[in-house]
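The domain 'G-protein coupled receptors family 1 profile' annotation in TrEMBL covers 45-289. Residues or ranges marked as transmembrane segment in TrEMBL: 29-54, 66-86, 106-123, 143-166, 186-211, 231-258, 273-291.
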Amino acid sequence: MVCYDNQSVEFFYNISKKTISDTWRTKDVVVVAMGLIVCAFVIFANILVMLAIFMNRRFHYPIYYLLGNLAAADLFSGISYLYLMFHTGPWTIKLSVYQWFVRQGLIDTSLTASVINLMAIALERHQTIFTMQLHSKMTNHRVVLLIVGIWLIAIVMGLVPTMGWSCVCNIQECSNMAPLYSRSYLVFWAVLNLLTFTVMVAVYTRIFVYVRRKNHRMSQHTSQVKHKETVVNLMKTVVMILGCFVVCWTPGLVLLLLDGLCESCDVLTYEKFFLVLAECNSFMNPIIYSYRDKDMRDTFKRILCFPCLGSRQKGEHSGVRFNTLEQERRRRVQQESWVARKARDGDGAQANGGQVVLKDAENMLDSTES
């Protein structure tokens, strides 16, 4: 077995069907421009989500910690893709084998962490819905261990090609899309992500079926309009989650499978555009999982308007934290007043219990949309 560790990146590109241009073509300029715009949106949106979760005490629950970790993974994805944009096109020919593996490893690590986070959020929603809870009772210690585990898996996946699963010592197995990667590794990575997607589909489908049946049983205690609105809102959330994942990832995963299984297939024509499309999933995640939450949107507005309102907040603590705690106090007062009125009315514990259970169920359904 002969290894070519000391060869240049150009050596491996010449073996595969992928060519390196020494001049900037129109296609290269368009791809880099699109990539930089996507990176700007990814970095901005996910920093905003992380700030909102950190500053707002209402978001200090396991589901929001996972959302924060998802935002961190997508932020890292945006930074990794930004690094890629400045080491692609004619710049690729100047890279060493080690630098090329670093470039690809960053992308693999960040995207893997993002996908695993999506699955972790789906499993967390499944656990809370089927135990009739508004928030998971998972301790902070377990959440931290889960987050650490997600990043360990992502880092290992990013280092696997560097640790030997590449074509540096077997140039006959070099792929076309990633000339230093083995075809078998591309198939493995694509199949693993498709399995993750399948698990997500199964989890959200089971959640939808369960909530629909539960909502139908409780429909006698509420109006038919409310019943339809709850089901439709949940359906919209599920369709957006799965639809975004399918649209952003399926084209790239199909290309990886074709590159690994079909040597005669032309997979290079749309390769870079599909990579940009997959990266778009990193700034769509904050929109789907966070922007649909009203409290999260209000926190975003306060963060973005903070410079404009700085003069009004002199002598106060953080505007986001102060306003949020005030809202919590008002809600507690309103809830205590409502309980006191019901106690005076003497409607009966059974009727009141049914209304409380119905209210908790509706809150639980609304939490799935975030």
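Cβ atoms are placed via backbone N, Cα and C, with glycine included.
Of the candidate ranges 29-54, 106-123, 143-166, 106-123 contributes the most Cβ pairs within a distance under 8 Å of the transmembrane segment (186-211). Per-residue confidence over the domain 'G-protein coupled receptors family 1 profile' (45-289) averages 82 (mean pLDDT, predicted model).
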